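Enquirer: Relevant sequence annotations retrieved from TrEMBL are reproduced here:
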type     : residues                       : note
ACT_SITE : Glu524                         : active site, proton donor
BINDING  : Trp385, Asp386, Lys649, Gln650 : substrate binding site
DOMAIN   : 20-288                         : domain 'Glycoside hydrolase family 65 N-terminal'
DOMAIN   : 348-748                        : domain 'Glycoside hydrolase family 65 central catalytic'
DOMAIN   : 769-822                        : domain 'Glycoside hydrolase family 65 C-terminal'
Amino acid sequence: MTERTAALPHPGDPAWTLAYEGFAPEQQGLREALTAIGNGYMVSRGALPWERGDDTHYPATYLAGGYNRLITRIAERDIVNEDLVRLPDWSGLMVHFDGENPIDLADTTWREVRHWLDLRHGVLHLSLIATDPSGRETALHLARVVSMDQPHLAALELTLTPLNWSGRVVIDSGLNGHLINAGVKRYRQLSSTHLEATDAATFQAHTDGPDGPGEEEMIALVSTFSQARLRVGQAARTRLLTAEGRSHPVERRDALAEDGRVRHTLTVQMTHGEPVTVEKVAALYTSRDTAISEPGLAAREAVAEAPPASALVAAHGATWERLWQQADVVFEVDDPEVDPATVQMNVRLHIFHLLQTLSPHSADLDVGVPARGWHGEAYRGHVFWDELFILPFLTLHFPEISAAMLRYRARRLPKARAAARAAGHGGAMFPWQSGSDGREESQVMHLNPRSGRWIPDNTWVQRHVSLAIAVNVANHLAATGDQGFLDNFGAELLIDITRFFASLAEHDPATDRYSIHQVMGPDEYHDGYPEGHRLAGRTALSNNAYTNVLVAWLMGTAGDLLAGLEAARRDQIMGRLGIAPEEPDRWAEMAKKMVVPVMDDGVLEQFEGYAELKEFDWEGYRARYGDIQRLDRILEAEGDSANRYKLSKQADALMLCYLFPEPELSHLLERLGVPFGPEAWQRTINTYLARTSHGSTLSYLVHAWVMARSHPEDAWGMFKTALASDLTDVQGGTTAEGIHLGAMAGTVDLVMRGFSGLAVRRAGDTVGLHFDPVANRRVRRLAFRVRFRGHWLGVEQTPDSLTLTPGPDWDPRTPVLVGGRSMPLGPGRPETIRLTGAPA
């Protein structure tokens, strides 16, 4: 037993480790998504390398922005879908004991199974003891990385130690291109074969091997996306090593290359108690990569020149350590219902997945912000509005990444302008779902798995996605002061979105107000008015409060942007964008005259006509169905429609309370002629909280944020649900299809900005940092760093104090306010202010 224990490493610090014990087939998909590893260029799910794809396991690697289109015939229509493509599997590794019994669960039994993700160093581990039908016991330890140091490389090390036997083992290491997209069951009726294998081969290369320079045989595979014609080159090197790191003798090495697959088979004699490590290093390049000749050649050269896996792992871990120095958020809580280490780990898990989806390597790529990460096939890898919840954290830590995400939008301005023209409008109209080129990728039809029916999908009328882009442009400019960003594409993005909504809005001379029709808010349950409603027959909805108020904010922001520029720069930008002199005047008018629907009790009306809908039988449906998060599907299956009722999938009108602090929102609404004091704020929160099914992971996050000051205990409960939403798969199976990146990044932002009350706001003629800490008795300590206008500031908050520690290059002229009071800061000098008011 001592020998077995020594052969099996254990998980480390629980605050830095996502750990599982045992094997649970029903949870394997969830675990594979949460233990996925990546570097911003590619992501590999945490599947076992010897398992093939089925309803339990789904080994898959995805390329950031790796899309392809296929046509499927549905309901007598040709439906085109653009999908994130499942790439050929680089990690495949099969072990046969005595050349017969494979390691998988079908032929061996496992015990002492531990599967963990080291968040600090970005390494995925698995350890277990396998017993084959002959009674041979073998200790296994697997370590795997997708290199954050060298983004085109990935590696794994599998160490095998015979515990009670000696004999022959056969290692099968390959590259498999015979894969289809099958990770989402409800998509399986759609066309799913995206890859065409064009070249599978072995090759010889000169390497610096473990025993010195020499020739090695390696394997390579080139595949092509069937429609996008993107070429993917992969190569892999497999070595057997002794415990001392020398080459282990190989009895026989065979190679097999066939259409779409190539593999090495290595036969080795093993001795009781002596470990043998299988080292596999793989490289991935595509035809869109820069500074290469051809992706297949680049992959071969990279894998031949790659250092040993141990060196790759070390450099990878060091890179992660540097990222954590900037990005870590320390969050210590006091709640008897939760394990403090688990809460801290969960915060770090969310940061980890954010940074391996959108890393510093992403800044050189033409990719957007995928709603489900690059971790699975849900939502087809598309870009929605989730960047509204994701970029705030990146902007205050890695502004070069957030700028790159906005550059993705800017490159697609021509498509957005064409879409606006086609709809009869000016400016730029961005799609609800975006992929490769910025066209609208939303489904025309979607499957309701509860009823089995394909029904029209009208979510594409969510024009507020463009407003999310505008908010992020303004926030990025405020936090960075980057005039190059403004001149190169920031102003163009903001102003063209402004021009679109100025064109979309309709002026009513009778009321002297502007309305917006044919839209949908974040609540996707309502896509029109029910039969018998006074507005029935209209396409989509009219005067969505969230949309209209944000449009008013945008009009004022765009006007202020131009007015704040020096005359020469203003004239240059207006000339370059062709802005007529009268356009800013219309913006200024719309900033004060947008329609904002309000109900009789002063509550913001989600959209015009919402108050006339029927109340919903929440208790009855909960009793009948239990989980009612997807009420739209339940009602459609019953032959009913969510359009008839006062219910919401997620926060809609309350998104305004999420984006704007209460005083700022009140000022914005008062400018529009809508009185909105603290009582109206609370009534609005209470009204929609009671009528929301939380069918989106974002919903708990938004509600926790907006209730943090007024209802701290309720907000804390919502926060815990939001924080654990992927860890516990609160959506009932969806996390296995891909993480929810918006909820992950948003909960970290809630911890960081929400509890500290951090905001970037104008203070007089300059922009500064404002802190207004939220008192919550559950939060013992909060510590993080932010990067404001190129300078770092450390923040530490306890129940009774706030300490700010500027970096050595801090600009002392930067306005910093705590609770509305100025707090001058000097370079490198910590300042502490006592907080008044006991935690609630």
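Using the three backbone atoms N, Cα and C, a Cβ is placed for every residue, glycine included.
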Enquirer: Taking Glu524 (active site, proton donor) as the reference, which of Trp385, Asp386, Lys649, Gln650 (the binding-site residues) have a CA within 10 A of its CA?
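Expert: Passing the 10 Å Cα cut: Lys649, Gln650.
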Enquirer: Per DSSP, how many helix, strand and coil residues does the domain 'Glycoside hydrolase family 65 C-terminal' (769-822) have?
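Expert: Secondary-structure composition of the domain 'Glycoside hydrolase family 65 C-terminal' (769-822): 0 helix, 32 strand, 22 coil.
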Enquirer: Largest pairwise Cα distance, Å, within the listed substrate binders Trp385, Asp386, Lys649, Gln650?
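Expert: So the maximum pairwise Cα distance among the substrate binders is 16 Å.
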Enquirer: In the structure shown, with every protein chain counted, which of the recorded positions Asp386, Glu524 has the densest set of Cβ atoms within 10 angstroms of its Cβ?
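Expert: In terms of Cβ crowding, the pick is Asp386.
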Enquirer: Below 8 Å Cβ to Cβ and six or more residues apart, same chain only. Which residues does that give for Trp385 (substrate binding site)?
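Expert: Within the chain, Trp385 (substrate binding site) has Cβ neighbours under 8 Å at Trp432, Gln462, His464, Val465, Ala468, Pro522.
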Enquirer: If one looks at the chain holding Lys649 (substrate binding site), which residues at least 6 apart in sequence have a CB under 8 angstroms from its CB?
Expert: Asp523, Glu524, Tyr525, Arg630, Leu631, Asp632, Thr692, Ser693, His694, Gly695, Ser696, Ser699
Enquirer: Near Gln650 (substrate binding site), which residues of its own chain have a C-beta under 8 A away, given they sit six or more steps off in sequence?
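Expert: The list for Gln650 (substrate binding site) reads Pro522, Asp523, Glu524, Thr692, His694, Gly695, Ser696, Leu698, Ser699, Val702, given in order along the sequence.
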Enquirer: Average the pLDDT scores across the domain 'Glycoside hydrolase family 65 N-terminal' (20-288) and report the rounded value.
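Expert: Computed over the domain 'Glycoside hydrolase family 65 N-terminal' (20-288), the mean pLDDT is 95 on the 0 to 100 scale.
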